[in-house]
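Asker: Pulled these from Swiss-Prot:
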- HIS79, GLY120, HIS121, SER122, GLY152, ALA153, ASN180, TYR287, GLU369: thiamine diphosphate binding site (BINDING)
- ASP151, ASN180: Mg(2+) binding site (BINDING)
Amino acid sequence: MSQPESYPLLSRIGSPSDLRELPAAELPALAGELRAFLLESVSSTGGHLASNLGTVELTIALHYVFNTPDDRLVWDVGHQSYPHKILTGRREAMPGLRKKGGLAGFPKRAESPYDTFGVGHSSTSISAALGMALAARQLGEDRHAVAIIGDGAMTAGMAFEALNHAGDQKANLLVVLNDNEMSISPNVGAMNNYLARLLSGKVYSTVREGSKRVLDHMPPMREFMRRAEEHMKGMIVPGTLFEELGFNYYGPIDGHDLPSLVKTLKNLRALPGPRLLHVVTRKGHGYAPAEQDPCGYHGVGQFDPSQGLAAGKTPSSPSYTQVFGQWLCDMAEADPRLVGITPAMREGSGLVEFSQRFPERYHDVGIAEQHALTVAAGMACDGLKPVVAIYSTFLQRAYDQLIHDIAIQNLPVLLAIDRAGVVGPDGPTHAGSFDLSYLRCVPNLTVMAPADEDECRRMLSTGFHLDGPAAVRYPRGKGPGAALDPGLDTLPVGKAQLRRKGRGVALLAFGAVLPAALAAAEPLDATVVNMRFVKPLDEALVREMAEGHDLLVTLEDNVVAGGAGSAVAESLAVQGITVPLLHLGLPDRFQEHGSREELLSEAGLDAEGILAAVRARLNDVPSRSGRDDCLSAPTRVISK
């Protein structure tokens, strides 16, 4: 990282109070240094880049005008909060960004008093800031609450619920709408079109402001014209939605014009009630490659800023996301009923090629997970075969729709659940720790977890051809490199696969933990079963394993509570079988950020951790099968 002399202004900012000591004339130069530091830092560590480059001036202006942390800034989603972290005393910690034990990639209350609300998912900021504004009013405290939300996040229903409540409460709340025409994928829908129309509403703005200046000198006319203005709005521009919700709307203004931002925010700080400031920014601003390709530079690994993101090497094996994307195109060619649905995650979920080849069958519904599942249910009612591509963590937002709109009606909707289990650097807000637990209890739902890429493809075909709802959950990144069969073959529903015959110990592996189970099985001489289906469970094979082994060990990259291991225990209890059990999975705590490998090792789900846990448990288990040698064998390191 460069020395302080490379950033003479930025190096003087240890907190926002230092920032507020600067003359306003120096703020543009500070913005240049902050943007350069961001590029140097994120290109070294990886992380979210384009969104942060786009919020440099806005972040400086907010901390310059408002008395943070007494005044509350609430960032929506939070991936654009790196400038905020840098200006609030965490500049020197940036080399540890998103690494185990280092800075979180999102605002985190435990990390800094300036992080007033923990975020990671979209569209929560207005609700949280409103809650803070209402708390201040009830407690008699004189402070401001500011929500900073993107135009993509504004498409979600929760944002409108909060706007509706805030307008009704006449709360002292400022909402800053950061309009960069992007979330992760390009924004879609009526809200995006509405904001575009506002941007072109220059005539209305000119007439309105000019009239106010004149009418200020004619008090008897002011009230008449106020009422007339409400009718004029609809004649000059589309109705100002935010004002109808009880907000005073200001803008749009240039989000990269620091003097204008500071002046406007100072004026708005002095006004009471609900206010909405519409600022227009450019994702990737100040770094040409990111401006030209904001999607590509949304989340980056390490790269050379002078070269930009190099064309990626062809991987030795595809990621699970790529396997899904190819399967979707293949199945779409085979079955014209297939439709693909995503809640604003076209790139992340692997739907780019599908959207290009089958545009009439591709539906990006915006950041609207609840709507995504219910619109899929409606399609399924009338003969289509919907496939919803969604991250595990975001599926949590649509749990009621899964039960009420899909499962109760037993509709043939396939959920392709990406980023299941341990995810890594994005931390607890993006971990897929809970899906097996909350899915397997839903009646009518078939739940599958592939152990490799080819099995993922076969499970997707299996779920697609079922007459009811199905879910296939797969992890982030690449699998073990299994050869892919180009066909669209299915698997027998509810049948596990015996992968290794051993004695004494049976390892029942669900999904991506299978390679680690196979590695741990060698020194144990353990039996290994690839369980494949969490629901319906292969109860016959579970019974066979229980009757022929001293210890059953369940393995899953899901929380132990209520997960696949619990399904095995429940099955044995129903069958009246008593056998020693060991459940290995994610512990009863939220995953912190770190690499996937580090987090799996910490949870004891790598080969070494499995081996150690099994050996410790065997000390308390009597032998029925002569497996004493696995206890006395020296522990050895198993390569990952």
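Cβ atoms are placed via backbone N, Cα and C, with glycine included.
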Asker: For ASP151 (Mg(2+) binding site), which of the three DSSP-derived states applies: helix, strand, or coil?
Answerer: coil
Asker: How many Å separate the Cα atoms of ASN180 (thiamine diphosphate binding site) and ASP151 (Mg(2+) binding site)?
Answerer: 7
Asker: Across all chains shown, how many C-beta atoms besides its own are within 10 angstroms of the C-beta of HIS121 (thiamine diphosphate binding site)?
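Answerer: Its Cβ shell of radius 10 Å holds 21 other Cβ atoms.
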Asker: Given that the record lists HIS79, GLY120, HIS121, SER122, GLY152, ALA153, ASN180, TYR287, GLU369 as binding thiamine diphosphate, what is the largest C-alpha to C-alpha distance among them, in Å?
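Answerer: The span, Cα to Cα at its widest, is 32 Å.
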Asker: Using a 10 Å radius around its CB, how many other CB atoms surround GLU369 (thiamine diphosphate binding site)?
Answerer: 28
Asker: Relative to the Cβ of HIS79 (thiamine diphosphate binding site), which residues of the same chain, six or more apart in sequence, are found under 8 Å away?
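Answerer: Those within reach of HIS79 (thiamine diphosphate binding site), by Cβ under 8 Å and sequence separation of 6 or more, are HIS48, SER51, ASN52, GLY105, PHE106, GLY299.
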Asker: To the nearest whole angstrom, state the Cα distance for the pair ASP151 (Mg(2+) binding site) and GLU369 (thiamine diphosphate binding site).
Answerer: 16
Asker: Please identify which of ASP151, GLY152, ASN180 has the densest Cβ environment, defined as other Cβ atoms within 10 Å, among these binding-site residues.
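Answerer: Selected residue: GLY152.
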